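See below for the structure under consideration.
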Amino acid sequence: MQKITRNVLLDMEEEEDDEDDGDIVLENLEQTIVPNCGSLESQHDFRTPEFEEFNGKSDSLFFNDGQRRIDFVLVYEDESKKKETNKKGTNEKQRRKRQAYESNLICHGLHLEATRSVLDDKLVFVKVHAPWEVLCTYAEIMHIKLPLKPNDLKTRGSAFGRLNWFTKFLSVDESIIKPEQEFFTAPFEKNRLNDFYIVDRDTFFNPATRSRIVYFILSRVKYQVMNNVNKFGINRLVSSGIYKAAFPLHDCKFRHRSEDPSCPNERYLLYREWAHPRSIYKKQPLDLIRKYYGEKIGIYFAWLGYYTQMLLLAAIVGVACFLYGYLNQDNCTWSKEVCNPDIGGKIIMCPQCDRLCPFWKLNITCESSKQLCIFDSFGTLVFAVFMGVWVTLFLEFWKRRQAELEYEWDTVELQQEEQARPEYEAQCTHVVINEITQEEERIPFTTCGKCIRITLCASAVFFWILLIIASVIGIIVYRLSVFIVFSAKLPKNLNGTDPIQKYLTPQTATSITASIISFIIIMILNIIYEKVAIMITNFELPRTQTDYENSLTMKMFLFQFVNYYSSCFYIAFFKGKFVGYPGDPVYWLGKYRNEECDPGGCLLELTTQLIIIMGGKAIWNNIQEVLMPWIMNLIGRFHRVSGSEKITPRWEQDYHLQPMGKLGLFYEYLEMIIQFGFVTLFVASFPLAPLLALVNNILEIRVDAWKLTTQFRRLVPEKAQDIGAWQPIMQGIAILAVVTNAMIIAFTSDMIPRLVYYWSFSVPPYGDHADYTMQGYINNTLSYFNIADFKNKSLGNPYVGLGDHTTCRYRDFRYPPGHPQEYKHNIYYWHVIAAKLAFIIVMEHVIYSVKFIISYAIPDVSKLTKSKIKREKYLTQKLLHESHLKDMTKNMGVIAERMIEVVDNNLRPKLD
């Protein structure tokens with residue numbers, strides 16, 4: 001192996017090129033050791049791949065010689081068989097670029113073999129193989145950790161030893177998927193080859209590692225020079241249409257084992273023991289997932305599985321709190337008063353809008369008050385406090401689990417210098433002096449240009465957030481408008497016998513229809529903004545792929561946060577809070593009278609909103625994830641039905657699967673984080689949210705597994721230490737959740753007013769009862785209003801059957817008419833406000849204190865994992881350094897013995 005003297009590059013400066021493959025500079029290619037491929041100046045000197053006919057072995061993963069393994073596949077359409085496009089010479093230019101690229105791949109030591117498609121004669125599959133020397137060279141460049149010796153640390157036994165039969169039932173059968181042997185590892189070095197645990201050169205680099213190394217090379221090989229700037233990378237060639245696809249191979253069919261006895265059949269095992277519905281109750285084979293798809297996919301499924309396990313505890317407690325409320329529903333005194341014909345049936349409530357809304361009797365809200373008793377109970381308070389602690393336990397224990405995976409998967413010291421994105425390098429036209437190296441380097445824009453881009457991107461994001469807020473305002477206007485219609489149409493009969501009136505009150509009808517419309521708008525804006533966010537991030541031009549994903553993550557999450565949660569925040573903290581009183585209502589936009597809550601508060605409406613949005617989102621996403629790739633593959637099979645009787649090779653079968661984009665995993669994370677927000681931010685209003693999330697996640701794991709193993713091409717394996725920017729986002733949600741749940745209990749539910757009444761206003765000096773009781777609570781919390789005090793006399797009583805009543809009731813704590821401070825807030829109101837503020841302060845401080853103690857008490861890395869890391873470092877130092885020191889000492893001893901022997905031989909004749 002020696003340093004390359006010249007690459008095959010096409011000097012196309014004089015040609016127009018409007019393809020967006022950019023002017024790319026390859027900065028560190030000269031450090032790579034590759035063979036000399038000579039001076040090739042014409043297209044006749046291109047080193048082209050060998051063309052071979054398909055040998056009929058559909059399951060083969062090797063070249064036709066049966067020796068060289070296929071590590072990657074490139075697919076293109078033969079230009080000679082394509083119709084010429086309108087632009088003159090486009091096909092010829094694409095062919096020359098591809099030939100230059102393939103010639104340079106060969107110069108870099110890769111082996112290529114081309115085979116025409118069995119079903120479509122225009123398609124050509126270029127199979128790529130990396131020989132041993134190339135693998136070793138790039139493994140050292142990429143700092144890939146490889147085995148030194150088997151791990152000799154004993155694994156700690158399970159704390160649930162007596163339940164081994166149960167854990168064995170949930171685990172994957174070890175006779176089917178054998179446990180991976182654990183090794184101590186170290187970054188690979190060619191000059192220390194003998195120190196590594198090499199049993200067989202063919203298996204020392206597993207297929208995932210081989211594919212990762214080949215993809216590293218494919219992403220950095222040049223193919224063109226334009227304006228003295230090198231263009232390189234398979235990604236740009238695929239995006240510009242020169243290649244149709246580039247992917248590593250699945251090792252077999254997912255339903256059947258390979259006919260090749262040497263094939264490990266990992267895809268088949270993953271489908272059978274992970275993706276198949278019959279394995280839904282089993283633990284995930286994370287080591288095999290990591291081995292087959294890489295650490296980035298593995299860490300996602302490890303996190304999703306751990307999150308789902310922790311949801312089991314939250315779901316159990318949530319169901320218990322729900323059952324507590326349901327079983328104590330009949331003991332709900334204030335609900336009985338609402339439903340009592342002698343109490344609620346005789347309370348005439350004031351109209352909730354100005355023109356069409358009639359007076360109404362309180363007992364028409366009987367059913368909603370019973371439902372509210374289930375969710376607005378003492379169990380809700382207990383569950384909100386529990387979830388504040390649960391989310392901290394989840395995040396802290398996940399850090400420990402993540403540290404274990406970092407050790408087990410060799411990502412503790414991930415020494416991988418991330419290269420700049422080709423899209424970034426393509427725009428590097430400005431030359432500046434690096435302050436550190438004092439050398440010239442290219443950047444895409446100046447400081448002023450960067451400020452302009454950031455300003456434009458921030459403005460675009462802000463505009464879309466305002467658009468979401470505008471949609472929320474539109475929903476509010478809909479609520480206000482439709483409520484008038486429902487109020488005029490629904491409560492025609494106040495005898496309580498109409499089943500429609502019994503279950504579909506104006507408030508309920510407005511809430512359900514508004515929630516459905518809100519969900520539809522959310523999904524539409526979501527689809528549009530996904531494209532907009534990608535456009536904004538592309539314009540922002542982050543340097544590395546990690547920077548790109550983090551920037552997109554923050555934009556998408558900020559948008560999704562406002563999109564999904566804004567309506568919930570409105571119902572929880574704004575609706576019914578600023579309504580005034582019947583004689584002096586507060587108008588919204590100067591036209592619409594602000595919405596009021598039910599006499600029991602807005603908690604039930606918030607619960608309805610959560611159920612519709614959370615449930616609808618889960619159903620829509622799962623249907624979309626299952627149907628879309630399945631339908632696309634079905635359409636592809638329909639178009640290929642004419643050649644279906646032919647035997648197709650492995651690479652052609654994989655080509656017709658769906659490609660998974662670079663951001664495929666990003667959307668999976670985003671979906672789960674939004675769900676995590678629903679489970680934590682508003683859980684005080686819906687204790688069953690963790691149960692819904694648990695059921696959804698159990699299905700989500702298997703649906704995602706099914707997609708990966710059956711519907712998508714194999715992904716390029718990637719390294720990852722953690723879940724990236726999603727971890728701090730979850731921590732931020734956890735902190736905000738304490739505040740939102742405390743405020744929901746204080747301001748949205750009716751718990752604090754009930755407690756204040758029970759302990760202060762049911763007994764003297766404010767109450768008339770001898771003992772603490774909830775009797776009389778409804779009458780105490782509804783204020784009186786004199787109908788004659790309506791400011792607009794045209795708003796007289798529209799209800800003909802009202803009789804001789806001169807007053808109506810409304811939900812507030814104000815002095816009655818005739819009082820010296822009539823319609824002003826009474827002392828009950830100030831007691832309630834003080835109690836609410838005190839409750840928020842106490843609950844927040846208690847939960848935050850517990851969270852701090854838990855975070856401090858639980859170390860991020862367990863003692864056992866620390867011991868393993870130290871042991872590995874010790875062994876690495878011992879094997880890679882002390883062994884060489886011993887060799888050096890041994891060599892020095894031999895040299896010393898020879899010197900003594902020479903001196904002795906020279907001195908002996910003189911002495912004689």
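The backbone N, Cα and C atoms fix where each Cβ goes, glycine too.
It should be emphasised that the depicted structure is a prediction, and the values quoted were computed from it without experimental measurement.
If you average pLDDT over the domain 'Anoctamin dimerisation' (62-286) in this model, you get 83. Among the features that TrEMBL reports, domain 'Anoctamin dimerisation' is placed at 62-286.
Summarising the annotation, TrEMBL assigns domain 'Anoctamin transmembrane' to 289-872.
What TrEMBL records for 300-327 (among others) is transmembrane segment.
Annotation comment: TrEMBL describes 378-398 (among others) as transmembrane segment. Counting residues 6+ beyond its ends, the transmembrane segment (378-398) has Cβ neighbours under 8 Å at 303, 306-307, 310, 313-314, 317-318, 320-322, 324-325, 679-680, 683-685, 687, 690, 727, 730-731, 733-734, 737-738, 741-742, 744-745, 749, 751, 843, 846-847, 850-851, 854-855, 858, 860 in the same chain.
TrEMBL lists 461-488 (among others) with the feature transmembrane segment. Listed as Cβ neighbours of the transmembrane segment (461-488) (distance under 8 Å, sequence separation of 6 or more from its ends, same chain) are residues 351-353, 355-358, 360, 506-507, 509-510, 513-514, 517-518, 521, 525, 529, 532-533, 536, 555, 558-559, 562-563, 566-567, 570, 588-589, 592-595.
For 508-529 (among others), the entry in TrEMBL reads transmembrane segment.
Within its own chain, the transmembrane segment (556-574) has Cβ neighbours under 8 Å at 461, 464-465, 468-469, 472, 475-476, 515, 518, 522, 525-526, 529-530, 533, 602, 605-606, 609-610, 613, 617, 666, 670, 673-674, 677-678, 681-682, 685, 729, 740, 743-744, 747-748, counting only residues six or more beyond its boundaries. TrEMBL lists 556-574 (among others) with the feature transmembrane segment.
Under the heading transmembrane segment, TrEMBL lists 672-695 (among others). If you look at the transmembrane segment (672-695), the same-chain residues 6 or more away from its ends with a CB under 8 A from one of its CBs are 304, 307-308, 311-312, 314-315, 317-319, 321-322, 325, 375, 379-381, 383-384, 387, 391, 557, 560-561, 564-565, 568, 572, 603, 606-607, 610-611, 613-615, 617-618, 726, 729-730, 733-734, 736-737, 740-741, 744-745, 748-749.
Sequence annotations record features per position, and here TrEMBL assigns transmembrane segment to 729-749 (among others).
Here TrEMBL flags 827-848 (among others) as transmembrane segment.
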